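Only one structure is covered here, and it is reproduced in the block below.
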Amino acid sequence: MQRAANTALHGCAQAGGPAVFSRCFICRVTASPWQSSRAYGVIPPPRDPEEKEMLHRILRVDHAGEYGANRIYAGQMAVLGRTRTGPLIQEMWDQEKKHLEKFNEILAENRVRPTALLPLWNIAGFVLGASTAVLGKEGAMACTVAVEESISEHYNSQIRALMEKDPERYIELLNIIKEFRDDEMDHHDTGLEHDAETLPGYWLLKNAIQLGCKAAIYVSQRI
Ligand SMILES: [Fe+2]
Ligand SMILES: [Fe+2]
């Protein structure tokens, strides 16, 4: 009640007031990334070329990762879409579509160039998804476990780096990455719950895919 009165008085952005602060200094309400209340978008205007480079690298590689994930699920659906596993894959794909949409939006807002390798990830992602799905449900799930574990670890390392630098300054980007990281971990767990580990050669396949993910992450930050 008190907080409601306060928000009405000081025009907290959370109550529809002026969009200035992410975290209101009076009522301590923090805006969610989906209803950003900063004067700027998800990332702050870079202070110097170094910060700009750092943020652009983060956004470029995350966009590439979500793009690749979408292509993987598209490949899985092309093979298993009409089977009993179809709806499960579709559900994860739908979340990936939202992740990609968000990064598309952030890249456009901040004029961040996407990786030049998108055409490659387009094909490689689809082929990876489809070829593992040909091995059956377990193959698709093994691929999902491998990829989602890599993406979760990648997001975790970004979260650590941004937290070390300035958690307040990057709060909105951190919130988005954390939310997506949680979704990726759910996908990973879904893969395990649906027999990924029963695939013959599971560890070999998983390691090979994760090696590919590491290489993809490395080059997508730079090219
Ligand atoms: Fe994702
Ligand atoms: Fe995912």
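Glycine residues also receive a Cβ, built from the backbone N, Cα and C atoms like all the rest.
The record from TrEMBL ties Glu96, Glu184, His187 to Fe cation 2, and of the options Glu53, Glu138, Glu148 it ties Glu148 to that site too. For the Fe cation 1 site, TrEMBL gives Glu96, His99, Glu184; the one candidate out of Glu66, Glu153, Glu164 that the record lists there too is Glu66. Among the binding-site residues Glu66, Glu96, Glu148, His187, the residues whose Cβ sits under 6 Å from any atom of ligand 1 are Glu66, Glu96. Note: the CA-CA distance between His99 (Fe cation 1 binding site) and Glu148 (Fe cation 2 binding site) rounds to 13 Å. Under 6 Å, Cβ to nearest atom of ligand 2: this is the test, and of the binding-site residues Glu66, His99, Glu148, Glu184, His187 it is passed by Glu148, Glu184, His187. His187 (Fe cation 2 binding site) falls within a helix when secondary structure is assigned with DSSP.
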